[in-house]
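Mind having a look at this structure? Questions to follow.
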Amino acid sequence: MSTEAKCPVTGGATRSSSAGIQSNADWWPNQINLGMLHQHSALSNPMDPDFDYAAEFKTLDLDAVIADLKALMTDSQDWWPADFGHYGPLFVRMAWHAAGTYRIGDGRGGAGAGQQRFAPLNSWPDNANLDKARRLLWPVKQKYGRKISWADLMVLAGNVALESMGFKTFGFGAGRVDTWEPDQGIYWGPETTWLDDKRYSGDRDLENPLAAVQMGLIYVNPEGPNGKPDPVAAARDIRETFARMAMNDEETVALIAGGHTFGKTHGAGDAALVGPEPEAAPIEQQGLGWISSYGTGKGSDAITGGPEVTWTQTPTQWSNFYFDNLFNYEWELTKSPAGAWQWVAKDAGDVIPDAFDAAKKHRPTMLTTDLSMRMDPAYEKISRRFHQNPDEFADAFARAWFKLTHRDMGPVSRYLGKLVPAEHLIWQDPVPAVDHKLIDAADIAALKAKLLATGIAPTRLALTAWASAATFRGSDKRGGANGARIRLAPQKDWAANEPAELAKVLAALEKVQAEFNAAATGGKKVSLADLIVLGGCAAIEAAAKAAGHDVTVPFTPGRTDATEAQTDVASFAVLEPKADGFRNYLGKGDPRAPEEQLIDRAQLMTLTAPEMTALIGGMRALGANVGGAKHGVFTTRPGALTNDFFVNLLDMNMSWHPAAEPGVYELRDRKSGAVKWTATRVDLVFGSNSQLRALAEVYGTQDGEAAFVKDFVAAWTKVMELDRFDLA
């Protein structure tokens, strides 16, 4: 009898691993992924529990780091020689590709955690040979150690590379804290093979929130859509993918033209001669991949992708040659030595330097996506303006590069270092600085009483506080209660926020605010942002008291109120929840199951599974559902902070059955068949999923209510303070 393990479905051999023969996900692929809620913990982090990266960075000699990086740019190594004797373009590409995974749809990706070091990003086809760039950086990282993270160093190297090639950057903000394991919470696409594009449907409709055209690419295929060399069709892909990275047409042109002012692509020979990516490479290669057997495998023989293109006459010096060449020549289609589509200038002289032979020159070459900057009418208009106004182009590229490399860092208050620009930009979601004396403990107590006396139901106060704070995304540090943007477009009009009810609550809170501020002395004021959160605190305390528990919900003032001028409506529109399981709200447009959407939102809010469980139980006890729906409100005492949700969910005297309404279930008495409660899939998953049921059982015991109330208050406070970076 063979001892080889076989997959029970396919009959194929399975591979044993430290996790077991088959993972649970292999056996049950539809199982929800709670693991994404428990990543990046102290168990994978080698730093001390009290390690403070911001404090360490402040001790760094940043000038010395920059000097070392500048020296590195021209210190060509035999094991991976520098094109044109300068590593600048390689480090620009490394930083660009680290940041360029960002997508505005869910805020995930980006350079903020150093994820390019790990799978899958370290082995994406589009990141070929960036492993060499990071190895070139190792001596600098080794020298300065924990004072600068890999995430910061990779972006800084890109900035220094640009500066070393004569370009003036807009600035640099540090503060990116390294993670120590691959991020399992990012959906990169449905494909199971590199460069596949199952993400499209209909008339090239790209699945949300994806922001690249194929699996393993950062943005678009440089040869054109699916390798078809059509610049106009490529422009459509470019516009869509860059927009999903929060870039408009002008920023897109600036980034492409600015980035392609430098360096070259590498398609010296047959790509079939390139070895496996880092994650598939043999152990003796020590994490390096793409080892090529074509010639020397490096230098003039390097193969990174397919095209072999050098865009400008001075590939290691800032210039306007990109636009000169784009518009001064006509272009004909050709193929690289690797067989990839590219374009060569007609009737042009040999004016482009060779990367390794000073005696050789080449004709200008371009990618299909470069010609999009000329063939697409909107891109062409911008390109010609930049061509005629080099200073405007330089400023646009500097700003777009800064945005590219900082878009996932959140507010400027998180930036570290002396190179942070003084100018605040609207995409940083600015809020005013505190310019008044904050309320004290006596004021807080008095305001709570006034808020509860407004006539607004406590549950509605809690819903408003939740709607304000739960927009936060830990992915790109956007959203949250600070700024009180719930009173502004677009948030005030979101369906999940029940605009008509919200307007009543805000009017009542604004009256309390106006009365307090008019009567306060000594420059003391309360912001509406603080008052919204305080209303939630008062509501939770009242609900706990109604259940027989005396609690104080922690509250720290210090939020301010943003203005319309500080709020980019289009940028904030992406924060609108398509679903919010905590409020039992399910909108349209997301094909995932409601429970999957709940887990996704919990992960964006940096919640653990126990925190998520406590919050669901508490919100249901409050009756805090959108539209006043009764689904999941398994209690005869709505508004009291009891553990009834868990007790009744787990009651084996009852059974659940699908209702006539899609997505709704009925809880019936097993003997009489009478319907007692209704629920959604979000509610039922806490009894269905074994891990969530185990958590529900903790709170559903006779002695579980006190622990539940304590844990709910802690989780609630965490949500209210997710964007309070000043408290960290």
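Quick reminder: no glycine exception, Cβ is built from N, Cα and C everywhere.
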Pick from 1-20, 221-240, 281-300, 581-600: which range has region 'Disordered' per Swiss-Prot?
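Per Swiss-Prot, the stretch marked region 'Disordered' is 1-20.
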If I take the alpha carbons of H260 (heme b binding site) and R93 (site 'Transition state stabilizer'), what is the distance between them in whole Å?
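R93 (site 'Transition state stabilizer') has its Cα 10 Å from the Cα of H260 (heme b binding site).
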Near H260 (heme b binding site), how many other Cβ atoms are within 10 Å of its Cβ?
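Taking every protein chain into account, the count is 23.
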